[in-house]
Amino acid sequence: MSATTAGAGSGLGSWRGSWAVALRMARREVRRHRGRSLLALSMVAIPTALLTFALTLYPTSPITGPERIPYELGNAVAVLTTPGSDQIVQDPEATQTMPAGFSATGPGTTTRSAQPLPGLAKGSTPAPGQLATAMAAQFGGRVVPTTQLQVWILDGDRSRRVDLVATPDPEAKGGGLDLVSGRWASGPEEVVVTQTAVDKGLVPTSGTLLLDSTPARTLRIVGVAQARSSWGAPLAGLIAPDALGEQVDSYMTSYALYRDQPFTWPQVQQANTFGISVLSADVLRNPPPSGEIDPDLRDMMSMDDGRNAGLVVAGGGILLIIVTLLVGPAFAVSAARQRRTLALAASNGATTKQLRRTVLSQAVVLGALAAVAGAVIGVLAVPAVTHWIIPVWTPWTGGPIDIPWTHVLGIMAVAMLSALVAALVPAQRLGRLDIVGVMKGQEVSPPPSRVVFLLGLAGAILGGIVLFYGIITHASEVFIVGGAVLLIGGALLLVPTLLGLAALGSQHLPVSLRLASRDAARQRSRSTPSVAAVVGAVAALTMMGVGLTSDTEQQRREYVPNALDGEAIVSLDVYGSDGAPRRVDDVVARTTETIKRTTPGLVVVPLAQVTGGHVFAGPGSDPKAVWPFVNYRPQGCTTTESISGDPDAPAVDGVPKCTQFGTHAWSGHGQIGVLPLAELDRRFHLTDNERTVLDKGGALAFTRAALPASITMVSGTLRVDSDTGEFTDITERAADTLPVATRTLDLAALPALPRDCGLFVTPDTATALGWATTTDAIGLYDPAGPISSADADRLNAAMTDSSYVEVERGFQRADQLIMGILVGIFAFLILVITLTSTALSMAEQQRDDATLAAVGATRGTRRAMAAGQAIVISLLGALIGVAVGLVPGIAITFPLTGNTQCDRLTNMCQEGYAHPIIKIPWLWLGLLVVAVPLTAALVSALAVRRAPTMTRRAT
């Protein structure tokens, strides 16, 4: 063997042996000091476990790939959707579809009309049975339609909305349904209830279900089934197709295909030409290569994948920062406690590399243990949460646990790296270890480097600019995290110099604080990690607090009262899927009866308004349906423009000129309210002139624009194009001239304006003019004062599932509880960090305490010094943290509050970053900056109990 080879082998063996010794010593040190080791381990393991839990729960929640087959297909080879009007392209899992020919990246988008299935006329709307027959003829095999519908079932005085599924062959649903008892429904008057609905107390296991329909229908329960798939919430039962009636409120039909041959990817693409999306078992098991997927759709899928990868990178970066800051003081404590041992080793010939390995090996051992423990806890927490915790409130509908091993291993590596980075700073300082000073107990940190200070200042400024720009321009997550790392890293490099400046400026402070600040500056190797950890915690809280408080302030400014203070609105669900009123009189009568029986002291006011019904129409709706309209036609506007608007017409105080009032009003307070004259007088305190105008068939208008003494209201009918949603066949029936009394629309008037109404007429006027009206809400008020919380609770308990009572109490802040929780969590972290550093400091100055006691210092003096140590560390870190956190906090307000600016009077919004709302929670931040240091000082002072041992000092 050559000398060179032997030397290389010897060097490698020496390196390996040195690390083996260091790791063995580290394991012993961890076992010897279990408390300190457990603290460091928990600070690494807890963030790792939380991030691992989130990364595992995210892919576990959705059922993807072959996991979907037993839940959604059962024995079927494919499930097909109802054909659309355009040809489509889809992804292999049928979760993303888009019109064929559509381009998300450039102009020139052209869509192609879907081919009609053989035997069906183009543009026809066949029944599910006809469509199933056509699909079977086209694709072969047997096609079973399954229709989801919503119905109301009567339970005493309550009406509950539930889902039913209609299918001619429940057993064909395969893995979706299992019969528990009884038999399947075979006739129009039978129903099979689900075990989930039974467990929730929605339906019984036997007897009958009474459907809230016109006329009421009774279904006999003939069995109980277990539904493992989720069509809706809650799924109550299954019925035969011929049980469908007028009680249907909304439905969705899918078509299960059964045949011997698999439904391949080319056949899926062929079905797409008919406008049909297909979920195929064969494609789920054998997805096609990416080259066979539409390029634009593939780009959308890659964007999602890139976004997910960016979130993982961002999470890893945040974990690196958090863990490094949290565990840094623990390793600083460990290195400081071992200074004498390391000095002895150095005096006996240990090299600097060996000394550093001694400290780094503890980070390797603790980091590896914490990474493994955190990952295992995070992964195991997912099945615990999904199987035992979530089912307490709602059934778990996700898939089996899906562990993203690559991401989990990456997070474990980041956790270990964070521990090493945290230990690297105290390990690096061992290169300047003063052996003599340490042995004499006089070791002092070297003066801070001006170069480091300048680098930190430049990094903080550059990081703040990058972070601010990245947030307001919606840059990538990696770009934003890079800015955050620069900002926080630069700020942390400033800490040693700031500790020195704090010591220089302490000459006018009390003795205890002066000694504490100078000790912190002298022992910067111990103080800097603690201050840095406090900086990170306070900066994170400041950023979140500014964002949350600013967002809440925007909500407060844009809050629109639903009723007068202390009064209530009862919202009613009175519309069916076709937009036509659903038994409005019955719903109002039943709700009124419930209110009077539950709270007889409240006054009931039906809130009617002129209806058009067109708002429920759109692409896919019945093209033959005729919808009424009633609109104000200003001078210079046509009837068509009063419906569709005139894009060239100038806006009047933010509201398009031609669509100010009516069924097609674009303004937030442009609907036409229909209320009795007495109710209008109670709400608005009418003048004699306004009362006369309304009594004689006129209107009362709230607007910021000038109106003439008389306005023209046009009414008629229209249709809605089923493909484009545009209004067609506009027919004007009448043009009525109404006298109008005008009031200024301002913030003070908003509480009295119900349901976005700004123009009011009496019921007699609406009837005389032939305007269609509907009541979708009821107003309530108590003549004796505001409605009590007890009355509101009783009403909500008595209401149907489709109705709810909302009492107007003004804007209610929701951020105070969240801020309190956040402040509590971060205050606890700061206390742990501060007390750890203070305990180390007091342990190191025991000989100084003995000297002070020998010259007459009392326990109160020692307690004051301990309190001073805690105040200096936590206060300095909190002040720097607030300054650092304000930068990203203010930046976050731009996308949070400056993205849209809305006018509360018109509800018209505009995009842009012109006026972000910046609200800084000074009270909470002040509490953190003042109360937490004082608490830490109090705890540190109370911890000083034992008198120091006084012995002769060698120095």
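The backbone N, Cα and C atoms fix where each Cβ goes, glycine too.
Just so you know, TrEMBL annotations are computer predictions that nobody has curated.
Marked as transmembrane segment by TrEMBL: 37-58 (among others).
Annotation comment: TrEMBL describes 309-333 (among others) as transmembrane segment.
Per TrEMBL, domain 'ABC3 transporter permease C-terminal' is recorded for 317-433 (among others).
Here TrEMBL flags 363-390 (among others) as transmembrane segment.
The transmembrane segment annotation in TrEMBL covers 410-430 (among others).
The feature transmembrane segment is assigned by TrEMBL to 451-472 (among others). Residues of the same chain lying 6 or more positions beyond the ends of the transmembrane segment (451-472) and with a Cβ under 8 Å from any Cβ of it are 479-480, 482-494, 496-497, 884, 887-888, 890-892, 894-895, 913.
Per TrEMBL, the feature transmembrane segment maps to 478-506 (among others). Long-range contacts of the transmembrane segment (478-506) within its own chain (CB-CB distance under 8 A, at least 6 residues past either end) are made by residues 310, 313-314, 317-318, 321, 447-450, 452-453, 455-471, 513-514, 517-518, 520-522, 524, 527-528, 531-532, 535-536, 539, 872, 876, 880, 883-884, 887-888.
Annotation source TrEMBL lists transmembrane segment at 527-548 (among others).
Counting residues 6+ beyond its ends, the transmembrane segment (817-843) has Cβ neighbours under 8 Å at 39, 326, 329-330, 332-333, 336-337, 519-520, 523, 526-527, 530, 533-534, 537-538, 540-541, 544-545, 548-549, 849, 865-866, 869-870, 873-874, 877-878, 921, 924, 927-928, 931-933, 935-936, 939-940, 943-944 in the same chain. Feature annotation from TrEMBL assigns transmembrane segment to 817-843 (among others).
Annotation source TrEMBL lists domain 'ABC3 transporter permease C-terminal' at 821-947 (among others).
According to TrEMBL, the feature transmembrane segment maps to 864-887 (among others).
Look at TrEMBL and you will find 922-944 (among others) tagged as transmembrane segment. Long-range contacts of the transmembrane segment (922-944) within the same chain: residues 538, 541-542, 545, 819, 823, 826-827, 830-831, 834-835, 838-839, 842, 859, 862-864, 866-871, 873-875, 878-879, 882, each at least 6 residues beyond the stretch ends and with a Cβ under 8 Å from a Cβ of the stretch.
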Leading contact stretch, 37-58, 527-548, 864-887 vs the transmembrane segment (363-390) - CB distance under 8 Å: 37-58
Rounded mean pLDDT for the residues that make up the domain 'ABC3 transporter permease C-terminal' (317-433): 78
